[in-house]
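Trainee: What Swiss-Prot records for 1-20, 157-181, 268-336 is topological domain 'Cytoplasmic', and it gives similarity to another entry as the kind of evidence. Per Swiss-Prot, transmembrane segment is recorded for 21-41, 133-156, 182-202, 244-267. The topological domain 'Extracellular' feature in Swiss-Prot is assigned to 42-103, 123-132, 203-211, 232-243. Per Swiss-Prot, N-linked glycosylation site is recorded for N95. Residues or ranges marked as intramembrane segment in Swiss-Prot: 104-116, 117-122, 212-224, 225-231. The region 'Selectivity filter 1' annotation in Swiss-Prot covers 117-122 and rests on similarity to another entry. Per Swiss-Prot, region 'Selectivity filter 2' is recorded for 225-230. The feature SUMO cross-link is assigned by Swiss-Prot to K274. The feature region 'Important for intracellular retention in recycling endosomes' is assigned by Swiss-Prot to 293-299, with similarity to another entry given as support. Residues or ranges marked as region 'Disordered' in Swiss-Prot: 307-336.
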Amino acid sequence: MLQSLAGSSCVRLVERHRSAWCFGFLVLGYLLYLVFGAVVFSSVELPYEDLLRQELRKLKRRFLEEHECLSEPQLEQFLGRVLEASNYGVSVLSNASGNWNWDFTSALFFASTVLSTTGYGHTVPLSDGGKAFCIIYSVIGIPFTLLFLTAVVQRVTIHVTRRPVLYFHVRWGFSKQAVAIVHAVLLGVVTVSCFFFIPAAVFSVLEDDWNFLESFYFCFISLSTIGLGDYVPGEGYNQKFRELYKIGITCYLLLGLIAMLVVLETFCELHELKKFRKMFYVKKDKEEDQMHIIEHDQLSFSSITDQAAGVQEDQKQNEPFVSPQPPALADGASDH
């Protein structure tokens, strides 16, 4: 009997706090996913980093042996300066000195990566004025970009998602949920084809050192706004039509980001995903909210009445102990 009561109480407790339990499992799952990614990346990339370090040490040792007139501190000072310049997008290589990083098209590309929070990091402001302007420009521009993207996605979603689903539901009598699922899958396939596979094939042709996998990797890293910066198009030596190419890439990134947001919004509107998301939300208890509001109002009213009573008490304390008589009464007393 006691066990059944304890079991039923535990079940009621779990059901009552189901949203909190689901949220706790969500946080735990996210942390485990982060740890899983760190373990995989470390196990895969660390051996390649070690090989690269060993290769660089051998090259450095061989270079010093062949050039005995050059000391190791001098070489390290030179290499440090070269690496520092490379971090700012400036290279000392003879085949990489023809492209400017801050002409208009490159600056336009940089501004688009800043506002979209992609931020490849291949080009950064050099001057203090440029860094200060970048801060101010981002503080204003990023919320402006979010507002712009929200407005565009809302309008595009109406014409691309809601109206087609409603048309097939009303005109042909199909189930709205089934039509929404099929439409979301088809829209995802079209978006991946138009903004991932086809651009990856184009980049693999236009960029000499990129294969299809590297081009697809760039498309995904860019449109997901990760922006690692290890692959940046239009930075090759003697790139043909470089200005036009940079403008085209800027338009591609903006349109691709809008397309990605439309697809995400389409999937988020699916009934099944809405039910799944509600598992992790705090449930709104209207009666409990009303009780809190009433208690807050009562507390506010009682505090106001207490303040009014305090004011009246102060006024009474300031009054004299013997109240002055009215003038009429005083005159009558003198007549008598």
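Count begins at 1; order follows the chain as displayed.
Cβ from N, Cα, C; glycine included.
Owing to the predicted nature of the structure, the values given are computational and were not obtained by experimental measurement.
Surface or core, plus neighbours and distances: that's what I need for these features.
Mentor: When averaged over the topological domain 'Cytoplasmic' (1-20), pLDDT in the model lands at 63.
Counting only same-chain residues 6+ beyond the ends of the intramembrane segment (104-116), those with a CB under 8 A from a CB of the stretch are 123, 134, 137-138, 141-142, 144-145, 225, 227, 234, 242-243, 246-247, 249-250, 253-254, 257.
Sequence-distant contacts of the topological domain 'Cytoplasmic' (157-181), counting only residues of its own chain at least 6 positions beyond either end whose CB sits under 8 Å from a CB of the stretch, comprise 187, 262, 265-266, 269-272.
Below 8 angstroms of C-beta separation, residues 160-161, 164-165, 168, 212, 215-216, 218-220, 223, 252, 255-256, 259-260, 262-263, 266-267, 270 of the same chain, each at least six residues beyond the ends of the transmembrane segment (182-202), sit close to that stretch.
Nonlocal intrachain contacts for the topological domain 'Extracellular' (203-211), taken as residues 6+ away from its ends with a CB within less than 8 angstroms of a stretch CB, comprise 218-219, 231, 233, 236, 245.
Counting residues of the region 'Selectivity filter 2' (225-230) by DSSP class, helix then strand then coil, yields 0 helix, 0 strand, 6 coil.
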Trainee: Same-chain residues six or more away whose CB lies under 8 A from the CB of K274 (SUMO cross-link)?
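Mentor: Non-local contacts for K274 (SUMO cross-link): C268.
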Trainee: Using Cβ atoms and a strict cutoff of less than 8 Å, what residues sit near the intramembrane segment (225-231) while being 6 or more residues removed from its termini?
Mentor: 113, 116-122, 210, 214, 217-218, 257
Trainee: Excluding the flanking five residues on each side, which residues at least 6 beyond the ends of the transmembrane segment (133-156) place their CB within less than 8 Å of a CB in that stretch?
Mentor: 111, 114-117, 125, 257-258, 261-262, 265
